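Taken straight from TrEMBL:
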ACT_SITE  Glu55  active site, proton acceptor
ACT_SITE  Lys155  active site, proton donor
ACT_SITE  Cys188  active site, nucleophile
DOMAIN    15-282  domain 'CN hydrolase'
Amino acid sequence: YVAAVYEHESILSPTPAALVERRAALELMGRNLDIYEQQVLAAARQGAQIIVFPEDGIHGFNFTRSSIYPYLDFVPHSRSVKWNPCREPYLFNDTEVVQRLSCMALKSKIFLVANLGTKQPCERSDPRCPPDGRFQFNTNVALGADGALLATYRKHNLYFEYAFDTPAEPDYAFFDTPFAGKVGMFTCFDILFFEPAVNLIRQYNLKQIVYPTAWMNQLPLLSAVEFQQAFSTAFNVNILAANIHHPTLGMTGSGIYTPVKSFIYHNMESYGGKLIVAEIPVITADYKTNLEKTPGRVSEKGKEQSPPSFYAEMMYDNFTFVPVWGEKGELQVCANSLCCYLNYQRTVLTDELYALGVFDGLHTVHGTYYVQACALVKCGGLSFSTCGQEVTDATALIDFQLWGNMSTPYIFPLLLTSGITLDFADHMGWKNNHYFLSKNRTSAGLLTAALYGRWYEKD
């Protein structure tokens, strides 16, 4: 099927904390919706059957709970409500935004997924009802090619979003399409947690995911395109990921991903939005791409003199590293119960410093979640203290096999090359209770090759 995602540079309120009238809020959002409308037409002209827009794209961000209120639409959450906002605008009050989205879908006969703020009045008798008498949700809507509201999803894992509430129960949101079967949806930070993302995919055996996000890139392990691709590969799903474009905030990175190919946009240099349109295969069966039967050797033999280990901070976690010296070698490095191993050969010796790092613990900055990671990274400079820094360019081509005795089945294989481009492993999967990733000949200089494990039970 043909899919489209739009990386949108939002027109933002200059004073998001100020209280404004609904009319002023609609005026600002209307300017973003005007851009959406052009992109829907452009995508439809290129044959797209579905288009996805980013998180916070219509209203922007940095609101307070009260200042976002005029920007919120009312959208019924119940699956039992059959509603076409474009054709039945009179059914509910305060639905101007979802009406416009619905009319865009109807006019171009395209499935449309967008993110907006919604409100839901609650009874004071409800112990969870906030003092102002309403819930405010970060919400995705999916609209059919006839404009009908197909599904809503309220974000569960909020990322410092004080304007919004967390729904009492995780939403498992998906909708049917004639071209790709069932399509699931969740938002941004959700991708790092079991609920609802992993549970949704497993429970309903989903193979297509739409994913609005407003993601701040964090190298070396959590760049948007890097992790979106890893998620697609790990769960054998197609992902249509639309990110916000605000380079000054470190936000860029959208794409259409399959487990074996991706169409991405990552641009920290220029401004303006970007439409990506690509034709991708519908994934139907659970063919296991990551269980190739020729993994090479996973040797447990005693290591020759390993170089000295050292500690450095990477993404606010204290990693234990060993330097990757010389043109070839075998290394191991351990922390807690996790041991990481690397066989490597450099095809060309450059003066770049690489290191093999391990972390097995609770990540506690910008969210709390348990990580098991084995990572081969390019350091920022030539001293050990620069390992773990954000690096975007590299020239070294390294053939490698990386493996670790991971304690969780949820492993995201990361493979990032120079200029924030993606590459695909030759082989990966489980062998003898170790997860491995191997690659000969990366397409560009190696930035990161990592096994990023999420041990959800220990969050």
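For all residues, glycine too, the Cβ spot is worked out from N, Cα and C.
Where the annotation comes from TrEMBL, it is an automatic prediction and has not been curated.
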Task: Sorry to bug you, but what's the C-alpha spacing from the residue listed as 'active site, nucleophile' to the residue listed as 'active site, proton acceptor', rounded to the closest Å?
output: 7
- prompt: In sequence order, what residues of the same chain, 6+ apart, have a Cβ less than 8 Å from the Cβ of the residue listed as 'active site, proton donor'?
  reply: Glu55, Phe137, Asn138, Thr139, Asn140, Glu161, Phe164, Thr166, Phe186, Thr187, Cys188, Phe189, Asp190
Statement: Cβ neighbour count (10 Å, all chains) around the residue listed as 'active site, nucleophile' is 26
- prompt: For the domain 'CN hydrolase' (15-282), what's the model's average pLDDT?
  reply: 98
- line: Students should find that the Cβ of the residue listed as 'active site, proton acceptor' has, within 10 Å, a number of other Cβ atoms equal to 26
